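In what follows, a single structure is set out as structure tokens and then discussed.
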Ligand code: PEP
């Protein structure tokens, strides 16, 4: 069994001052013996504050929410994979539904980003998920596997084997509507079957997280579902006590 991964995506919340207060509160509620991997995706401007607050706590993993799909250049406001690594990130979210559907990120860009992340020695957490109309049209697997194939298209099998996948149905993100554990399991199993064709038995241990309106009330059941290896949590990760409780469900 994989050690479950609990990942907090703070989106555009918590500047450095808030983050320092959050971490004091979180650490006060978090048991050191918790047998989980806990990751934080703060805004990149907040990464240093989180890193400092967790300086002597090496069990936590830090990541950034996005990088640009080119390695460097005149891209005002953007950050690169190399800069993320330099700032202390180990993980990078790629293809989050807000990047895809609010900022128009394409499958080709997610492929380039995954490639740059791996080249920088970091680990991509590739997010995939269908929109409501796609689910209702019975296209869930087709959409998710297309996004998956695109995201890994420029990677060597060794890189694919060490990445993370987050299945996040778009209709469940920030809506209060969660996939049932059975629905999540079915999609996760399809992702794993598909990855097996690419990387063989290493797919059995590739972490596939579920995300979409996870909260204290549903985290335990989702985590217990077959093929669900962790949770990617937005809104419910913003309160330190709440997040510590979810991490210990
Ligand atoms: C997310 O942003 O990745 C997410 C899952 O958000 P929420 O938990 O708020 O639905």
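Every residue gets a Cβ built from N, Cα and C, even glycine.
TrEMBL entries are annotated by machine, without manual review.
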Candidates 174, 200, 241, the one TrEMBL lists with 9, 10, 11, 213, 234, 235 as binding substrate: 174
Among the substrate-binding set 9, 10, 11, 174, 213, 234, 235, as the record gives it, the longest Cα-Cα distance in Å: 14
Rounded Cα separation (Å) that holds between residue 234 (substrate binding site) and residue 168 (active site, proton acceptor): 11
Residue among binding-site residues 174, 234, 235 with least C-beta crowding, 10 angstrom cut-off: 174
Around the Cβ of residue 96 (active site, electrophile), the count of other Cβ atoms that are within 10 Å: 27
Residue 168 (active site, proton acceptor) and residue 11 (substrate binding site), distance between Cα atoms, whole Å: 15
